[in-house]
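Copied over from Swiss-Prot, here are the features:
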- 10-89: domain 'RRM 1' (DOMAIN)
- 208-282: domain 'RRM 2' (DOMAIN)
- Ala2: N-acetylalanine (MOD_RES)
- Lys60: N6-acetyllysine (MOD_RES)
- Arg152: omega-N-methylarginine (MOD_RES)
- 100-130: region 'Disordered' (REGION)
Amino acid sequence: MAVPETRPNHTIYINNLNEKIKKDELKKSLYAIFSQFGQILDILVSRSLKMRGQAFVIFKEVSSATNALRSMQGFPFYDKPMRIQYAKTDSDIIAKMKGTFVERDRKREKRKPKSQETPASKKAVQGGAAAPVVGAVQGPVPGMPPMTQTPRIMHHMPGQPPYMPPPGMIPPPGLAPGQIPPGAMPPQQLMPGQMPPAQPLSENPPNHILFLTNLPEETNELMLSMLFNQFPGFKEVRLVPGRHDIAFVEFDNEVQAGAARDALQGFKITQNNAMKISFAKK
């Protein structure tokens, strides 16, 4: 049975999520599987009884939300198929970008008797384009950038260039593969007589098994599988008992493993952990 869709929106609403998954882990896993569709501004998850098993993912572009909805509809996520549709109203962060945001005093509205509510106030609360999602909670997540109400690029640290998806990943809407987004650092230009930066030492020969290092403590098998199963030939992820920082990923052949390695090299699962990928020793 198809999930009914409302009009396209920057925000997608996801339900039928596994309620046993911790909030922090759920946010990181959602980011891992949806970041391939475009820039994510925020992910809203609440553990309240009313909002369990639900989440909202806010994209900068509507086209990103559309691609995510169509591609991930029914995707088995923690053993349950996701049900996805567009959110009915704009989130606050999108309303601010559009210039339609209206600040609301929720406490005052809550205290005001119904008899004193004017038609205009009812319309602002019920139909305002900037109405937030009821029950949505925004809070810092260990290992992820703080979720703010102002649009910004994920993983942007002071003194560093904005985060860019790794080569081979789907580029942000409106940009061709390899094109530099506005504000990103261009490739380094060498001056006459200047030596290029030292290249890393040669690594192990090609192998159909990849060796992953510098993984954060909260990394799990499902999270890595969602990152690598978008590449042809993916077979499985193997974690090492007693070691959270390393893992192995197996592909059908060396060429497919190399393509995944090149695409996800340096991918930041968390703000401070850029994944390092090499061919496993034979």
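Counting starts with 1 at the first residue shown.
Cβ coordinates come from backbone N, Cα and C, glycine included.
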Counts by DSSP class (helix H/G/I, strand E/B, coil) across the domain 'RRM 2' (208-282): 19 helix, 30 strand, 26 coil
Three-state secondary structure, Lys60 (N6-acetyllysine) (per DSSP): coil
Taken over the domain 'RRM 2' (208-282), the model's mean pLDDT: 89
For the domain 'RRM 1' (10-89), the number of residues DSSP places in helix, strand and coil: 29 helix, 24 strand, 27 coil
